[in-house]
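Structure first, commentary second.
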Amino acid sequence: MSVKRICLFDVDGTLTRPRQKIDNDFLEYLRLLSKKIPLAVVGGSDIDKVLEQLDLNLKDGMENVENHFIALLGCCKISACDLFEYVFAENGLFVAKKNQQFPTATIQEVIGEEKLQEFINYCLHYLGNFIEFRKGMLNVSPIGRSCSQNERNEFVEYDEKHQIRKKFIEELRKRFPVEKYGLHFSIGGQISIDVFPVGWDKRYCLQFLEKDDFREIYFFGDRTFPGGNDYEIFEDPRTIGHRVTSPKDTERELKSLFG
């Protein structure tokens, strides 16, 4: 019996440019590739943003994506079910497999309201950060996720020079030791920091692939350096890690592997 294989993709910097929509030609290539090997996607963002970036557009007027995910798939330009075997949002805290959605846990349940509020208050005080509260994580951004593209570009350049996020993570690790708070911090995308319970990085999604007997999991990600939000899953022995630098690079890597 042949080994079950699957390609698992990060979103930002891998399938799309940061916070941009996927290129139509690349999307068409993925659709052709999905006939050769199953595809899956894992993103740190919530399901709304994952679908938006992959150009799986939703029907106007439909809300509450998590509760109506399966119904919405039929309204997309390209059905997620046709393209991806699995869609993992928030590192796998939201899971959709074809026509099935799995129950999820929340960060409040694991960390507790009191410790979570303490952490939020500290972040708001430290440089006036913006916080996006998700089901399985907090996304902390010094500039705010609603910034313009020009503001984003300016922050990226400033952060590369002054290491704002790296220094902030160092402060957070001192202020909120893992032994007491059980939190993990990683650089997420271009402008933010992801905060989640230890063990809730992108490796969280691998349990669902293992249950379905996938033994060759090809992972493609761009932030595979220590401290990046692709690092743990890239280094995990259950995956065959491929470091990429852009969607074009991902496509080249896929063509060299699978044609």
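Yeah, the Cβs are placed from backbone N, Cα and C, and that goes for glycine too.
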- Of R5, R17, R19, which one shares the alpha-D-mannose 1-phosphate site with R134, R145, R152, S192, D194 in TrEMBL? R19
- Message: Among D25, D213, D222, which residue does TrEMBL annotate as binding Mg(2+) at the site that also has D10, D12, F234, D236, T239?
- Response: D222
- Task: Please report how many Å separate the Cα atom of D10 (active site, nucleophile) from that of D222 (Mg(2+) binding site), as a whole number.
- Result: 8
- Note on the structure: Counting other C-beta atoms within 10 angstroms, the emptiest spot among the binding-site residues S192, T239 is T239
- Query: Looking at the recorded positions D12, D222, D236, T239, whose Cα is closest in space to that of R145 (alpha-D-mannose 1-phosphate binding site)?
  - Reply: D12
- Note on the structure: recorded positions D12, R19, R134, R152, S192 vs D236 (Mg(2+) binding site), shortest C-alpha separation belongs to D12
- Task: To the nearest whole angstrom, state the Cα distance for the pair D194 (alpha-D-mannose 1-phosphate binding site) and D222 (Mg(2+) binding site).
- Result: 16
- Message: Between R19 (alpha-D-mannose 1-phosphate binding site) and D222 (Mg(2+) binding site), how many Å separate their Cα atoms?
- Response: 14
